[in-house]
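Participant: I have a structure I would like to understand better, so I am pasting it below and will then ask my questions one at a time.
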4 protein chains.
Amino acid sequence: MKVLVTGFEPFGGEKVNPALEAIKLLPKEINGAQVVVRELPTVFRKSLDVLFSEIEKENPDVVICVGQAGGRFAISVERVAINVDDARIPDNEGNQPIDQPIFPDGENAYFSTLPIKRIVEAIKKEKIPAEVSNTAGTYVCNHVMYGVLYYASKKKPNMKAGFIHVPYLFEQVVDKKNTPAMGLNEIVKALTVAIEQSIT
Amino acid sequence: MKVLVTGFEPFGGEKVNPALEAIKLLPKEINGAQVVVRELPTVFRKSLDVLFSEIEKENPDVVICVGQAGGRFAISVERVAINVDDARIPDNEGNQPIDQPIFPDGENAYFSTLPIKRIVEAIKKEKIPAEVSNTAGTYVCNHVMYGVLYYASKKKPNMKAGFIHVPYLFEQVVDKKNTPAMGLNEIVKALTVAIEQSIT
Amino acid sequence: MKVLVTGFEPFGGEKVNPALEAIKLLPKEINGAQVVVRELPTVFRKSLDVLFSEIEKENPDVVICVGQAGGRFAISVERVAINVDDARIPDNEGNQPIDQPIFPDGENAYFSTLPIKRIVEAIKKEKIPAEVSNTAGTYVCNHVMYGVLYYASKKKPNMKAGFIHVPYLFEQVVDKKNTPAMGLNEIVKALTVAIEQSIT
Amino acid sequence: MKVLVTGFEPFGGEKVNPALEAIKLLPKEINGAQVVVRELPTVFRKSLDVLFSEIEKENPDVVICVGQAGGRFAISVERVAINVDDARIPDNEGNQPIDQPIFPDGENAYFSTLPIKRIVEAIKKEKIPAEVSNTAGTYVCNHVMYGVLYYASKKKPNMKAGFIHVPYLFEQVVDKKNTPAMGLNEIVKALTVAIEQSIT
């Protein structure tokens, strides 16, 4: 069994991306499943080009994409991705699509095929705050979640896929007033648990 | 040199108190100073009885009292304690004083004699969120901070003293929606840094 | 031209519902369009039964459903409704569906057919905080938004429809700590502006 | 009976100050007491020069100073002012005192002599969120509250005085994400009630 886990490069003026820092620290194997990690550019379209070619190369059974959700208090396991790009800030190559469909022939939305409720319960059992989220936003995170589920629905119906948002790291909020954060160890632990649940 | 560090027993329905959990993990010696830790009851008056007898026994150079401030995002180094008990909830023995002076012959307020700005900067340098706070509330935390500074002003003018509030631990907020928290390792690190600065 | 505006009865232990209080104060006519208001039960299925029969009776050109979103700071114009009922608390008749599709033959999601960006801009021009929201939750509000858009897609493709969430009223948060709210006059003004934009 | 009510000019990049806007709308007489309103510069020292000369001219029985506390959710009736100026941003004339005592011969702190608990209860009875606050900060608001109580303690022991912080107006938060606010009518009503309670 193989799990592909992705994280984005930093964006929005941040020097690090907690998702990327965390996936680098994942073990190479979890409960017998091989864990492959991959950095994605925080760029509309290009992120999916990289992801799709990686899927074709690695042929994973499960894909878990991970992104930063600054301002959230808990590990957010996303339920659904919607067919729209609507960027409040430009991506890392200056693209800022407004109200554009991601794939014109795609569904209005795709639901995560990961066991989202089970993942949330398992993370909370480790005493780390977690919740199901009903929106992945309309930026590159939603773009990638929608894209991988669109791809799976068209080409790999047996591949499970979904998205997890993680809070800022403490080092990112030292100069941001009243902004929630987590330590890297909590985030790595939560992602490990999410992988365990996704391969069962 | 000797530093007395106190933490409260759990209160308000919580099963743990992050202050108490953290001080138990402090090293016995920091930069050559002996570190003595002591649990205080979350009870008006009795907390001060315990604290004052401990000060008489240990004769510390510095006293740092630590308490939980549920809902705060950062390590809060308190600037000032005010001469009033005004309890929103009963303490652990059922006392709930309303608008009572703590010591009728005390000042309206006492300022911390710890280097509060220097402590905040040093904690932030460790990439942990920290801030000066201008209120320790009007519950047992303020009671103890006021009490130790009153005591120092009357009996031990060379003893430095102050109070640090710490956020909830992650395990305390697993079922509290949108509530900030920290890991125990960040809190222990922050308190260690605070002690280092206080003995310099 | 006719606009049907709905609001829910109170739920979740609240004595009032700001949506219902606000729609009762709307003018009977706005810019030449007739405004019909209707209370909906906060009950899965029954809310849609009432709404669909009202649509059949009134044959409106535009349907705007309004609901309370306790904890939000701004008027939230919803972008999308998803095909799932997942209730954290029981509805007003004790139903608590978990992860159930609303209409098994419906799309995964439907996008609002109101001019959501234009509505937000017009409300902000009146100096009232407003934003596009990407989730209407998974409770009766999302249920009704999904239902009316499903209905429109199947039976009335020219009828525009959508959903607006409003914050608590100040009277609802007097005993809730640090909870955002609005006055009834701001909410009524915002809904009036939303109707103006929806009929243009 | 005469009540002097003050509000500050705008500061910190804001175009209005809710305190100033609100006091301009107060009735000239409340329950038989004359209400005199006065704008204060948001400037250390100068604010007190203006206030003290106004007190000498008007000889009021009660002084209520009102200021903006951006980010607070409720009308905050301040309990205490502390003897320190510590400015995070420069005042309107560029002064930025750091850790300076306001009056070296003053107490460490002065408690409000207004009936703060009674004011909070009366405002909440009007269905407007209100709370006792234990910190007026360390900027010009605390400076003025400390100054007026220092002045009263030295020269006019029978004059009651205190400070009330009010949230942003809605128009100030239209472009600030997730920031609480109030309408001008709620603030004016709350201040009217505060005056009623203060003259009883």
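Each residue, glycine too, has its Cβ placed from N, Cα and C.
As listed in TrEMBL for this protein:
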type	residues	note
ACT_SITE	B:Glu78	active site
ACT_SITE	B:Cys141	active site
ACT_SITE	B:His165	active site
Participant: Is B:Glu78 (active site) helix, strand or coil when read with DSSP?
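Facilitator: Once the DSSP labels are grouped into three classes, B:Glu78 (active site) ends up as strand.
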Participant: Tell me the Cα distance separating B:Glu78 (active site) from B:Cys141 (active site), rounded to the nearest angstrom.
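Facilitator: Checking the Cα atoms of B:Cys141 (active site) and B:Glu78 (active site) gives a distance of 10 Å.
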Participant: Could you state the CA-to-CA distance between B:Glu78 (active site) and B:His165 (active site) to the nearest Å?
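Facilitator: A Cα-Cα distance of 7 Å.
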Participant: Let's check the environment of B:His165 (active site): how many other CB atoms sit within 10 Å of its CB?
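Facilitator: The answer is 25.
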Participant: So how many other Cβ atoms are close to B:Glu78 (active site), meaning within 10 Å of its Cβ?
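Facilitator: 25, counting other Cβ atoms within 10 Å of B:Glu78 (active site).
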